[in-house]
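Reading through the structure tokens given below for one structure.
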Amino acid sequence: MYSSSNSFLGGANSARPGQQPPFMQQQQQPSYSQFPPGQQQQPQPTGFAPQPTGYAQPQLSSFGSQLQPQPTGFPSGQLQPQFTGFPGAAPQQSQQPQPTGFQPQQPQFTGYPPQSQPPQLQVPAATGLPLRPAQTSSEIANSFRDASGAAPPPPPKSSGSKIPNIRLSFITAQDQAKFEQLFKSAVGDSQTMSGDKARELLLRSRLSGSDLSKIWVLSDSTKSGQLFFPEFALAMYLCNLRLTGRDLPDALPETIKNEVSSMVDIISFQVPDTQPEPVVRTNVPNFDAPLMENKLAPPAPQQPQPQQPTNSQLLNQLTAQPTGFLSQPTGLSPNQAPFGQQSNLAPQPTGLPGQPQQQSLQPQPTGFMSNPQPTGYSGPRPPVPPIPTGYASNLSPSQTGGMSGLVAQPTGIPGQWGFVNAPSSGLPNIEALKQQLMPQPGREGGFSTAGLAGNASIPWAITKEEKKIYDDLFRAWDGFRKGFIGGDTAIEIMGQSGLNRQDLERIWTLADPNNRGRLNMDEFAVAMHLIYRKLNGYPVPNRLPPELIPPSTRNLNDSIGTIKSLLSQDAESRKATGAFLQPQKTGVSYLKEHSFRGGAVSPGVGRKDATLFKNDDQAAAGYRSSARRRVGNNGRTPSPAASSQASEDELSVEQLKKKIRETQIMLDAVDFQDETRAEEDDALDRRDRREAESLMDRIRRVQDEIDTHPNAAFRNLDNGAERRSLRRQLQAYEDQVPQVASEVRRVEREIAEARLELFRLKDAKAHPNSALNIVGTGPGGTVTEADRIKARARARMQARAAELAGRPAPATQDDEGAAARRLESESANVKADREKNDAMTRDVEDSVKDFARSLEDSLKDVSENSTREHEKRRWEDALGVEDVIRDFIYDLKRNSRTAHIRKEEASRASPSQSQQSRYDEPPAVRPSPPPSTGSTGSLPGTTHEDRVAAAKERAQKRIAERLAAAGLKPHSEASETLVQRQEREKREREERLKRAEEEDALREQERQRRLAEERGTPAQPSTKPIGKKPPPAPPSRRARTDSADQSEAKKAADEAAKVEQTAREQAIREEQQVQEEETKRLEDEARQREEEFMKEKEAQEARLRALQEQVQQGKIKKQEEKRRKEEAERRAKEQEAKLAAQRAELEAAKERERQLQRELEAMEEESSSDDEGPEFATPRNGSPAQTEAPTAEAPPPPPPAPATAPPVPAIAEPEAPTSPATSPASSRANLSPEAESKNPWFKKIGQPADSQPAPVPQAATTPSDTHSTNPFHRLAQQQESTAPAFTGSAPLERKTRARPEDDDDWSAAGSEFDSSDDEDDRAGGGSAKQLASILFGTMAPPRPLSAMDDKSPSKTPTPVQETPAPAPEADAAPSAPVAAPPPPPPPPVPAAAPNGSAGAPPPPPPPPAPPMAPPPPPAGVPPPPAPPAAPAGAADRGALLASIQAGKGLRKVQTNDRSTSSTAGRVLD
């Protein structure tokens, strides 16, 4: 079972059949090099060189001659090792081959051949041949023992396959008997069944391949590829399980596994070991050992091919080799013929070839059968250093050393460390490697492998110098003398060598064969030696060579193998002799035949070792519990303590003294161990104390950094009280979300119903005779069949009444189906919008819920439990800790509290300063926010409100993202800081409040006007307050655009603030929990801040609700105004249709109407001259803008320059000379659209002085003290100057019949916002509409001035245009004084700038004003307004006639073609 044959190369038992000799792949081996044909390997100096041990042993010569190994086959049991006197020397140079019994061989000379004899090369027998049936190595060893008279133990007799008589519990007795018979018939004399045979038997069961594979895996418990009988029985049992339909288990039960393994062990110990114990280990490698047990064998060389080298090759192959003592003649005695073979072996002279034996040493016969004798010089043995020799080209030997000083030395058994000397040249770079790997300060900074690598010749074995260096390294790194180096330390050491990771992994695997994760001193030396070899170019071996196996490992493995062999052979012999029946009664020790050191003929046979030890139970002394109870014969046997007492009393004085000395030595050793342990403990304590102090210093530094960080106050969020408060607040907000969502849905439903109702009203106005003009009386305002019947009856009555009155019957424009289709289409649109809004509401609700969950998760500390919280509080309170740690914790708390108080004081000072600076800023000017990229150190974001605001901003960000996903893209804006955001929000609140007040006043005025209009009672023009501000114009597209821009800007600002909040939120998560003693105070502060925040939030929500109501009312007002416009248009169309039908009958009435028109214009001119007198109370050549400019800005002499709008600076120059003044109607027309703008920036900038409502108007309003180039600001100034111009009464003035100023076809920039609704609303269409307006305007009573002023020119349905310029001004224009006035400002361009789009074309200049009364200009082109100079109350006929003569009245009868766009330009003549 354990092969330990020491056969040579080519022997009969040198290799097992089919087994690859180990280390076949190794190329560099110390003494068994492989020589391919025609190539000689360069010899290497070896550390542990094999030595000849007394019989012929072919070794490769160190001189490089191609000497082939000789197969001998002789056992190593009887010959003693020969000492050559020089450790590490080359093998014996000249020995005669010994007869081996295999084949006769010619003698060979080792070393350099003599001069007279050419080198002879033998062709040895091939190694690795299969075993010969004639003789085995064991039989040859036994034959040697027989010849020497020794009595070896009887060899085990082959008794066939023996199966122990053990009953297996998992099968029946009958099945076990059948399985035994089948197993014996299949294996014969073997104890195991091969895998192939087992496969044939198992395939007969006809099971599937997967089942058989699983059965084999479960059965082959030894994983050897063979089955013992219990394994075979288990396989049969598992096959039976599968054949009966049951499933195979994944793992065997413990009982079955134990039974099978126990029986396998019993069978294995019955197998005898046929190999004898080696008496003496030699340097001959054992090539027959298994892979894991051959600890001594180098790789088996391959058999080289015979080749006859030439002399030149021999000369080239000779290199310097260390030589020492001359070899001694060995061999068998010539007069003995062993084993029946005639072999006359004479002693063979050795030594240096070609030199006479002039030394004092004579060859000594060593006889094979004689006693072992030492050879060579037998005098004293002083150590001799290695002496290098070398043969130059002339083959002259160099120094060989003196013969007198050479003595026999140990031979260097493989693995016998410390007895191999280094080469004479020393080991290069070894000191550099030592210095590199030694622990030293600063080694972490890097290392260099320069100087470590080389190409030195390094032997396999570790030399004494190397071992000393490696031991020093080990002790330097093993500071606590633990006896080993851990993996981390070894990685640090080995990593400094510079080798790559793969090589270091392989080296570690070889050095740590037991996989313990650490290295002792010997294993560390092995690893360092392999690293040293690798640095010098040698590859890392795949298997550890025998020279490098540590002695501890090798001896332990050999001892285990020997004990197993002894046990098995002893058990077998005792079974054969029957001695096992009474093992304690025989009195014979069979252990005398065995020894760890060798057989009975070994020199140490008289010495006892562990194999002869026998335990003596009576020798044990001490207390015996049975000594106190001796009850006659029934009791237990008396204790043998008396005999031990007697044995101690019989000790002599010397023995007692010896015991005392031993005890003293043990006590000293114990004291030394205690001192060493105490020193180690002190060192550990000092190290722990240093580490603790270093850690406390680091904690202090980190705490100081936390306390001084700008965001240090945010760590209060980790406080449990504040976290709970935030949770409650978050829960309150979550509870409000469903209510807000339901409110939004209710508002959406109301909006949808209002839209449907509005559509019904509009459709009824657009189609007055349609079936849709039916008031539904059903549920929800639905139209029932009864309503339709009533509507048809009403239509028939109207038709009959028209027929009776002589009027044509009202034509039905569409049928009921068309009205239903329109309603259905509008309902579908409304429903789609409502569903879209509902989806947006759901998305916003989901995003709010997701954000609330994320906030709740962030506020909820999942990892915290009651136990951890309790332990944390105990640690913070310094409970259960040492005094040093308690003082340290209290010191940290004091420092943190001081820093917190200091931070709070700084934060209180910072907001007050920022607040003061905010108050000092002008409220009307908003500086552009600079991009915020700085730190947050100056931010007052250390309060509860700031954190809540940040959370609100994050929620708004999510909502904005959902809105953006729905198609509403927020406007991108540069990010702003928290201070800027707070300032902006404050200004917005002030502006919203101001706008709310203004809109309240405007809404009240609109309500009063609407009530008066619905009652139909015209207000007296004389009661109009002087300077009353006109009501707001209907909403425009620009107002809606400004509102959208405002919301987008706010969303972008919120989104920009969220980016900044992200970093703060991350810092909040990492904050520390505050001290326990501050909890109560912080809770009170948090509660107060929460109450303040709730109050502020409620106020803000109230303001927001008020603003929302105002916005809603504004929308309703817009819808009502639009409805009124559509109703007026419908009435105009209706009248137009009637007039078109009766145009033939009214032909005669046209002349009368023209006369009425002239009279009406004359009356209108008279009233307008009376009312507008104070408005034009300016110098003759001045204008309102010119009079305002000096008051607003006195220093610049030309006032038009600052009054010109920035968007159109190029238009002011050509228009200044040709436009003397701006009419008040144009001013009012240009100002009225802006009255309803919701843009906060426009409201803030454009209303510095007149934005406040004026319930008690004054005659004149002082303009703002500050002049602005903003067009909106200038419009407000013009409004101030033109509004109080109406004094007196003008009963016949019809502002609604004035032709709008912006209806001139060449001005696109002066039109009102290019609104399609406004285009349709203009009543200046065809002549029929003009006539109808004139006709019904003269019939109706005069309208109140409030209604007249409210209407912008875009809403006037009549074509009559008002020209307030009197004739005297037109006549006085050419006769102006010599001092010409400054050029007037441009006409309504500044008013058009904010209304029109940015890309609107500039208006062309009007025609030049003639010096005298101009003729009527082309149709649609307004005349240049004359400068107002008429005094107040000047209403004489001369002025009116002069204005009529100027052509004013003639323009009013021009037909305005509505087939073209009202905003299109015309080419002037």
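Note: Cβ is positioned from N, Cα and C throughout, glycine not excepted.
So that you can see what the record holds, here are the features copied from Swiss-Prot:
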- 1-163: region 'Disordered' (REGION)
- 17-52: compositional bias 'Low complexity' (COMPBIAS)
- 54-83: compositional bias 'Polar residues' (COMPBIAS)
- 85-124: compositional bias 'Low complexity' (COMPBIAS)
- 175-263: domain 'EH 1' (DOMAIN)
- 207-242: domain 'EF-hand 1' (DOMAIN)
- 276-311: region 'Disordered' (REGION)
- 298-307: compositional bias 'Pro residues' (COMPBIAS)
- 323-409: region 'Disordered' (REGION)
- 347-366: compositional bias 'Low complexity' (COMPBIAS)
- 391-401: compositional bias 'Polar residues' (COMPBIAS)
- 466-555: domain 'EH 2' (DOMAIN)
- 499-534: domain 'EF-hand 2' (DOMAIN)
- 619-650: region 'Disordered' (REGION)
- 641-767: coiled coil (COILED)
- 801-845: region 'Disordered' (REGION)
- 898-1469: region 'Disordered' (REGION)
- 943-961: compositional bias 'Basic and acidic residues' (COMPBIAS)
- 973-1172: coiled coil (COILED)
- 1144-1161: compositional bias 'Basic and acidic residues' (COMPBIAS)
- 1162-1174: compositional bias 'Acidic residues' (COMPBIAS)
- 1193-1209: compositional bias 'Pro residues' (COMPBIAS)
- 1400-1430: compositional bias 'Pro residues' (COMPBIAS)
- 1436-1453: domain 'WH2' (DOMAIN)
- 1456-1469: compositional bias 'Polar residues' (COMPBIAS)
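Below 8 angstroms of C-beta separation, residues 737, 741, 744-745, 748-749, 751-752, 755-756, 759-760, 763, 767-772, 788, 795, 959, 962-963, 965-966, 1141 of the same chain, each at least six residues beyond the ends of the region 'Disordered' (801-845), sit close to that stretch. With a threshold of 8 Å between CB atoms, the same-chain residues lying at least 6 positions outside the compositional bias 'Basic and acidic residues' (943-961) that come near it are 714, 717, 722, 729, 844, 847-848, 850-851, 855, 907, 970, 978, 1051, 1054-1055, 1057-1058, 1061, 1064-1065, 1068, 1085-1086, 1089-1090, 1092-1093, 1096. For the domain 'EF-hand 2' (499-534), the list of distant contacts is 417, 427, 430, 433, 437, 458, 462, 466-467, 469-471, 473-474, 483-487, 490, 540-544, 548, 550-553: same-chain residues at least six beyond its ends, Cβ to Cβ under 8 Å. Residue counts for the region 'Disordered' (801-845) under DSSP (helix as H, G, I; strand as E, B; rest coil) come to 34 helix, 0 strand, 11 coil.
Confidence in the coiled coil (641-767), given as mean pLDDT, stands at 85. In terms of DSSP secondary structure, the domain 'EF-hand 1' (207-242) contains 25 helix, 2 strand, 9 coil. Look at the compositional bias 'Basic and acidic residues' (943-961): DSSP puts its residues at 18 helix, 0 strand, 1 coil.
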